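Student: This is the structure I want to talk about, given as structure tokens.
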Amino acid sequence: MAQLLDGRSLAKVVNAETKQRVAALTDRHITPGIAVIMVGDDPASMIYTRNKEKKARQLGIKSVLKHYPIEIDQASLMNEIAALNNDDSIDAIMIQKPLPKQLNETELIDAIDPAKDADGFHPLNVGKLFDNQTGPYPVSCTPRGIMRILRHYQIPLSGARAVVIGRSILVGKPIAALLTNADATVTLTNRHTKDLKKLTREADILVVAAGITHLIDQADVKPGATVIDVGMHRLDNGKLTGDVDFDDVEPVAGHITPVPGGVGPMTIASLMAQTVDLAEWRRNG
Ligand SMILES: Nc1nc2c(c(=O)[nH]1)N[C@@H](CN(C=O)c1ccc(C(=O)N[C@@H](CCC(=O)O)C(=O)O)cc1)CN2
């Protein structure tokens with residue numbers, strides 16, 4: 001039976017730390033601020049942005065939601081980003097994914113001041129991560145949360161064989177870089193990877209961010225492995241589940257994240273912590 005990697009409980013610890021750091025900034029008359037740009041009415045994104053606003057308020061972080069209709073044009077968003085870059089009360093800017101197809105996401109992300117890059121998606125920050133620079137610089141919040149989980153539960157990384165499924169800039173690429181920087185031996189896979197399940201069966205650490213419900217079952221997992229499930233899918237019965245068939249895999253894994261209550265809560269906690277990081281870095285000069 002696996003040990004549960006409880007992201008919900010750990011997120012509470014991270015949020016308590018963040019609240020203390022906000023209080024220390026408030027003593028210096030500084031209120032950290034985050035702006036979230038959201039386009040359209042994707043129901044899941046609406047929930048996530050609302051949860052972010054609520055969490056920010058609880059922690060004493062100023063939160064601004066810039067919500068635009070789905071038909072917004074590129075130029076208007078570029079103007080909004082320029083205004084937020086110049087707004088001294090805003091330390092962190094993020095663009096909620098997914099964006100509608102008519103928008104050039106790369107151009108928008110490149111326009112964010114790298115010092116206000118809440119998601120760590122700006123190429124300057126991605127470059128620093130892949131160069132394993134000492135920092136400080138922001139990194140994508142889900143991978144940041146995963147690394148905190150691995151550290152908290154003392155999962156050995158140096159020399160471990162890690163397999164990452166999915167190569168997005170949101171999860172796959174940055175978690176592969178972070179694990180590589182921690183001296184794991186990382187295989188980053190994608191939908192064209194041949195014999196994927198042969199690779200997963202050799203993994204000491206398996207990170208699944210494929211977006212495919214129950215892609216991974218017991219036969220795909222090395223006994224004792226650490227399994228991190230980044231997927232999130234709503235079943236017909238209304239329940240949430242992941243890319244990993246939890247009930248099937250849990251008896252053989254060494255450690256496993258649940259869905260819900262694993263990686264998800266750590267994403268928002270990491271975003272709040274990163275907002276305070278950005279405020280400290282920018283305002284300490
Ligand atoms: N610009 C970004 N866009 C998106 C990101 C991101 O990090 N940056 N991540 C996801 C969405 N996301 C945050 O934005 C997110 C998703 C899920 C959760 C979460 O807490 N999930 C809960 C379940 C929630 C539910 O009941 O519906 C859990 O897993 O326990 C937090 C944040 C895509 N877009």
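Even glycines carry a Cβ here, placed using N, Cα and C.
Model, not experiment: these values are computed from the prediction.
According to TrEMBL, the protein carries these features:
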- Gly166, Arg167, Ser168: NADP(+) binding site (BINDING)
- 5-119: domain 'Tetrahydrofolate dehydrogenase/cyclohydrolase catalytic' (DOMAIN)
- 140-281: domain 'Tetrahydrofolate dehydrogenase/cyclohydrolase NAD(P)-binding' (DOMAIN)
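Describe the structural context of each listed feature in the structure shown, including burial, neighbouring residues and relevant distances.
Tutor: Taking the Cβ of Arg167 (NADP(+) binding site) as reference, residues of its chain lying under 8 Å away and at least six apart in sequence are, in sequence order, Lys173, Ala176, Leu188, Thr189, Asn190.
Predicted-model confidence for the domain 'Tetrahydrofolate dehydrogenase/cyclohydrolase catalytic' (5-119) is 97, expressed as mean pLDDT.
Counting residues per DSSP class in helix, strand and coil order gives 53 helix, 26 strand, 63 coil for the domain 'Tetrahydrofolate dehydrogenase/cyclohydrolase NAD(P)-binding' (140-281).
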Student: Starting from the Cβ of Ser168 (NADP(+) binding site), draw a 10 Å sphere and report how many other Cβ atoms land inside it.
Tutor: 17
Student: Report, as a single number, how many Cβ atoms besides its own are within 10 Å of the Cβ of Gly166 (NADP(+) binding site).
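Tutor: For Gly166 (NADP(+) binding site), the count of other Cβ atoms within 10 Å is 24.
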Student: Per DSSP, what is the residue count of the domain 'Tetrahydrofolate dehydrogenase/cyclohydrolase catalytic' (5-119) in each of helix, strand and coil?
Tutor: 60 helix, 19 strand, 36 coil
Student: Taking the recorded NADP(+) site as Gly166, Arg167, Ser168, identify the other residues of that chain whose CB atom sits within 8 Å of the mean position of the site's CB atoms, giving them in sequence order.
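Tutor: Neighbours within 8 Å of the Cβ centroid, excluding Gly166, Arg167, Ser168: Val164, Ile165, Ile169, Leu170, Val171, Gly172, Lys173, Leu188, Asn190, Ala209, Ala210.
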